[in-house]
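Colleague: Just passing along the structure, written as C-alpha cells.
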Amino acid sequence: MSEILDLAGIFVFALTGALMGVRKRLDVVGMAVLAEMTALGGGVVRDLILNVRPAAFVSLGYVLVPLAATVIVAFWHPHVARVMPAIMVLDAAGLGLFSAVGTEKALDYGLNPLHAVLLGVTTAVGGGMLRDMLAGEIPTLLYDRQLYAVPAMAGSAAMAGLYVTDLHGWPATLAAALLAFGLRIAAMRYGWRAPLARGVRPSE
Amino acid sequence: MSEILDLAGIFVFALTGALMGVRKRLDVVGMAVLAEMTALGGGVVRDLILNVRPAAFVSLGYVLVPLAATVIVAFWHPHVARVMPAIMVLDAAGLGLFSAVGTEKALDYGLNPLHAVLLGVTTAVGGGMLRDMLAGEIPTLLYDRQLYAVPAMAGSAAMAGLYVTDLHGWPATLAAALLAFGLRIAAMRYGWRAPLARGVRPSE
Amino acid sequence: MSEILDLAGIFVFALTGALMGVRKRLDVVGMAVLAEMTALGGGVVRDLILNVRPAAFVSLGYVLVPLAATVIVAFWHPHVARVMPAIMVLDAAGLGLFSAVGTEKALDYGLNPLHAVLLGVTTAVGGGMLRDMLAGEIPTLLYDRQLYAVPAMAGSAAMAGLYVTDLHGWPATLAAALLAFGLRIAAMRYGWRAPLARGVRPSE
C-alpha cells in the first residue's frame, strides 16, 4: 500500500520534471534526467543524510516509473499540459505524502523531531529544487511566494507530533499527508502568499 | 566553547544567505532556505563524505540559529546591510573557524593531510557556493578574484601541519583559524587578487 | 593498471573543467575548483550512494591530477584549446571508462543491474553536469542532443550484462568501456542526435 502511494508520488513529480524538459526544449534524454532527478532527488538526499542506501537504489519501480512518465510526456505532452491543474493537485498529494513519509523515516532512524521535520521537508521539496536548478532557474520555491514548503512543514510537524505521542502506522502518516495536501490546495485556491522581508516590494 | 564558536560561524554565514535572499527579493521562506543552506551546506557535505550523520542533524542549535538570522534580516535588513563591512569581518572569522574545524574533523576520521585540507576548504566555502547557485548566480568564489578559498586553504594546511606534529586541541585549532582569518582580512584590506589564466583579460 | 586508466580519465575531465573556467574568465582558483569538481564529482556521488568513503578521499592522485590539469590549462590554454578535437576523443575515452568502472563498482556492492547502470551513468556524466551548473549553464547533457548519456548507458548495460553472466575482470571492463567509447565517437562523427518530444521544434 505504502509502496503504491510512494510510486504514485514519484510518478507525479516525474511528470513535472519531464514537462519542465519540454518547456526548455530539452531532448528526450534531458527530459528523462530531469524526471529522474525531480522524482528521486529529495529521497536520495534524505537517505544520504540518514546514512542508508537510498530507496531509489533498492527498489526497481523507483527508476522505471520516471522513465514511464518521460515516455508519456514525450508523446502526449500537449494533453499532459492541458491537464496541468489536475497535475498540480496530484503534485500537492505527492508533496503531502513525501513530507509525511520522509519525516517518519527520519524519526525511525532516531532523529529528534525538529531535525525530522527539516528532513521531511527536504524530502518533499528537494527534487523540485534540483529540477529548477538543472533547468537553469532559481528554484520556484524560493521566490514565487505561493505556499509550498509551508504546507510540507505543517505535514511534517503533524507527523512528528503524532509520532512522539506514540501514534505510529499508516493512519497517522495518512493524516499528516492529508493536512499538508489540504493546506497546499487551500493555498492555491485562496492565493495565500508568503510575506517578503519588511520594505521589499514584490517584483511583479 | 567550540560549540559556541561553531554557532557563531553558522549565524554569520546564515546572515549572508538571508541577505542574498533580500537582494533577490525572495519571500521569507526562500530567505530561510538560503540561510539554512549557506550555514549548514559545507558541514553537511563534509560529514556525508566522512560517512557520519551530519552535525546539523544532531544538534538543535544548528537548525534554529539560521532561522533566528532570517528573522533578524527580514525585520531589520537595512540596518544589517549597513553593517555589512562588520559582517564581512565576521564572515572571515567564520571562514577561518570552519576551515580549521573541518580539517581537524577530517583528520580525526583518518583522512590523510592533503584530503583533510580539501575537506576543510569544502566545509568553509561549500555553503556559500550553494547559496550562490540557489540564487541563480555563478559562485562568487569562482570568478571574483578576491582571495577567499586561498586563506581557507592556508588555515586548513596549518591545521593539518600542527596535527601531524601532534599539536592537537583548541589552541592549535584557534591558531589555524586565526591564520585564515588574518589572511582573508589582509586580502580584503590590500586588494590581493588571484591571477587569471595567461592572456585572459579581466572582465571588468 | 586500472589506477592509471582512472587517473587518465580524471585528467581529461579536469582539462574540460579548467577550460570551461578559462571560457568564463574565472581566476585560477575558480579554474581549480571546476577542474576538481568535474573530475571527481561523478565518482563522489557514486560512492556516497554506495555508502563508502569516496575514492577521491582515499588516493592522493585523484586530488593532485586535477591541479596539474589546471596548471597546464592556465599556462598553455590556447594550445590546449587548439587540440580540443583530441580532447573530445579523450573525453569519450573517460566517459567509457567511468561508466564501465562505475557500474562494476556498483555491482560489487550488491546493487541489482538496473540500479548499477543508473549509477554507472551517474559516475560518467555527473562531474560534467556539476561543471556546467557551477559555470551558470544548463548542463550540456540535457539539451544539446548529441548522444553523450546514451553511449554511457550502453557501456554500463554491457558491463552489467557481462557481470551477471559471470564475466568479470579487466577484459570485461575494457570491452564495456570500448563499446561506450566507440558509440560516443560514432555519435560525434555521424552527428547522431537524440529526439525531441513530439511537436517540439529544435531551438537552433
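Backbone N, Cα and C atoms are what each Cβ position is placed from, and that goes for glycine too.
Small disclaimer: the values here were computed from a predicted structure and weren't measured.
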Colleague: Please find, within the list C:114-134, C:135-155, the residue stretch that TrEMBL describes as transmembrane segment.
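Modeller: That would be C:114-134, per the transmembrane segment entry in TrEMBL.
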Colleague: When each of C:6-22, C:55-76, C:83-102, C:114-134 is checked against the transmembrane segment (C:170-192) for Cβ pairs under 8 Å, which one has the most?
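Modeller: The stretch with the most contacts is C:83-102.
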Colleague: Considering only Cβ pairs within less than 8 angstroms, which of the stretches C:6-22, C:83-102, C:114-134 has the most against the transmembrane segment (C:55-76)?
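Modeller: Between the candidates C:6-22, C:83-102, C:114-134, the best contact partner of the transmembrane segment (C:55-76) is C:6-22.
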Colleague: Summarise the domain 'Glycine transporter' (C:89-162) by DSSP state, stating how many residues are helix, strand and coil.
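Modeller: Residue counts in helix, strand and coil order: 60 helix, 1 strand, 13 coil.
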